[in-house]
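For reference, the structure discussed in these notes is given below.
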Amino acid sequence: FGSFIPCAHKGEPCTICCRPLRCHEEKTPTCV
């Protein structure tokens with residue numbers, strides 16, 4: 001029903017990272 005999955009921006013917790021970011025796991029997974 002037109003639900004938009006928000007993407008995670010740089011420095012935000014990894015869910016679905018906005019392109020071209022990718023998940024980087026150190027202490028806490030964040031998008032980089």
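Any Cβ shown, glycine's included, is placed from N, Cα and C.
The record in Swiss-Prot pairs Cys18 in a disulfide bond with Cys7, which is drawn from Cys7, Cys31. Taking Cβ-Cβ distances under 8 Å and a sequence gap of 6 or more within the same chain, the neighbours of Cys14 (disulfide bond) are Ala8, Cys23, Glu25, Pro29, Thr30, Cys31. Least crowded of the modified residues (Pro6, Pro13, Pro20, Pro29), judged by neighbouring Cβ atoms within 10 Å of its own Cβ: Pro20.
When the disulfide-bonded residues Cys18, Cys23, Cys31 are scored by other C-beta atoms within 10 Å, Cys31 scores highest.
In terms of local Cβ density within 10 Å, Cys17 ranks first among the disulfide-bonded residues Cys7, Cys17.
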